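Q: Provided herewith is a single structure, encoded as structure tokens, for subsequent inquiry.
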């Protein structure tokens, strides 16, 4: 052996010893500071279901079915769920479970150039949390108002001997929502003072979230046993009660009657894809965060189908409930209208001394008119707050024991909102505490401060015009940024890292082969579908000036108004700010690379879960095996390796010279 070979052998031996010592030290640090994992698979499953099943399943999906072909829309939804939704959901589950970090760490490991994807997910989660907790605050207000008999929105209030004009011109439920609950202004330009009652309800909502999140998933997992299960109990109770109501069958038939010609409308495809997208919570980082607490051998492929299936069945169940109740409401309104009309006709005939027609003829007239009015009522589809706080509340006033059903309904909305809110907050807290050691060491303080900041900024939504800002954030702060985030996620896995390599990683992780069809879905179908959705959404924004629905006090009715220029600037800023971390992360990587510095984050000392999994060392800290000094973990090939220095993981370049 010559001197060069001897020096190379000595260097290799020293190198392997150092890596071995580093690996032991990393594992020791990981075990000492391990973060919590799920106590059981049930907690994890309920958390994923609770996050994906939210308010949109109750008040958005039924409306879309109603407006877009009924049964035909459901078939289209199932098609897109299978081709796009489930594959992307499985991708996020698998990435989080394989790498065991939040969204920031996952995309940094796959490609440091795309670390901005994780930060962008955090920004979108923060935007959504701001207005979503306001909706939870509204549910708390209505829940508290339900413990009265009669319900405060059952009858119009009076001023002296006269009924309030605004209520008489609309309806008791609409008046209570717009005037008593929101005290809303006529437009977004009129700000108005803070609504003290809604502000108090918002504070209560943030306190609940903070208490549920203060111990991370250890506390959140326990809350999920109630918040995720209780809505199903309520939905089943409403379904049993609803199908026994007069008019329920007409409502359900109207709902599910398929109109296949609607498939020719591009906007219907856009709405179906958007609903699939948001129903599964893609791009938020919450799915990745929850999955990262799993043991690495968990069958996430089965979870993807199970959670998606439960989500879809919940939407169908909610649709049955909503249209059974709305069918009853429409039948009641139509019947009362027919009775008044028949009475007026009879009075006119008597006054003119005209012989009354036989009863069968009047009965046939009444039935035909009744059917016509019933269909007319059902065609007036409502969604969102209009469904939950106006149409559904009006229907419940017709129930015997209406306060009980009202309290049950708004308690269900409260739990649906909270379970989704917990996942949204996990999409913020988990990746940031995984990435920054300072935040990880002060997790409780960071959680409390996040809730305080969320409440303070959320005061914007408790102004008298706050409902208009909720609509703006709901329509624009998440949709486009999340679509872009998911496009980058899919491309980074399927093309940057490689779909074949990812499938091979999953095969080793799950100890079973993954169907090769995912390779083609991730590489071609999903990116094409998401690009099409992005293009359709952008075209709609460009070709049609964005509008919002305002309440006109004088007319006592809703009207569509265009957003003023300053509001367009705000919503544009929301979209830009949410997407901005992606190009910033890429530019930051290029600058570090040009300066000859490591792109690794010095704070990125990832801490694995304290699960029963025997392999507690994360992929980013695994040293090479003793048999092959060049055998690094699959998801770290492009990072070449790592060594422990000053308590942190630092990357190094492997030398070709031995």
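Glycine residues also receive a Cβ, built from the backbone N, Cα and C atoms like all the rest.
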Q: To which of the residue ranges 330-348, 349-367, 368-386, 444-462 does TrEMBL assign the term transmembrane segment?
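A: So the range that TrEMBL calls transmembrane segment is 444-462.
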Q: If TrEMBL is the reference, give me the range from 4-31, 116-143 marked as transmembrane segment.
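A: The listed stretch tagged transmembrane segment in TrEMBL is 116-143.
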Q: Give me the sequence-ordered set of same-chain residues, not including 50, 53, 57, 311, 416, with a C-beta within 8 angstroms of the centroid of the Na(+) site's C-beta atoms.
A: 49, 51, 52, 54, 228, 231, 314, 419, 420
Q: Given the cut-off of 8 Å on Cβ pairs that are 6 or more apart in sequence, determine whether the transmembrane segment (197-217) and the transmembrane segment (482-499) share at least 3 such pairs.
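A: Checked: the transmembrane segment (197-217) vs the transmembrane segment (482-499), no contact.
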Q: Residues sitting near the transmembrane segment (229-248): Cβ under 8 Å, six or more positions beyond its termini, same chain?
A: 46, 53, 314, 317-318, 320-321, 324-325, 327-332, 374, 399, 405, 408-409, 411-412, 415-416
Q: Give me the stretch from 44-62, 482-499, 520-543 with the greatest number of Cβ pairs under 8 Å to the transmembrane segment (74-95).
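A: By the under-8 Å Cβ criterion, the transmembrane segment (74-95) pairs most with 520-543.
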Q: Among 44-62, 116-143, 268-293, which stretch has the highest count of C-beta pairs below 8 Å with the transmembrane segment (520-543)?
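A: Comparing 44-62, 116-143, 268-293: 268-293 has the most Cβ pairs near the transmembrane segment (520-543).
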Q: Is the number of Cβ-Cβ pairs under 8 Å between the transmembrane segment (444-462) and the transmembrane segment (116-143) three or more, considering only pairs separated by 6 or more positions?
A: yes
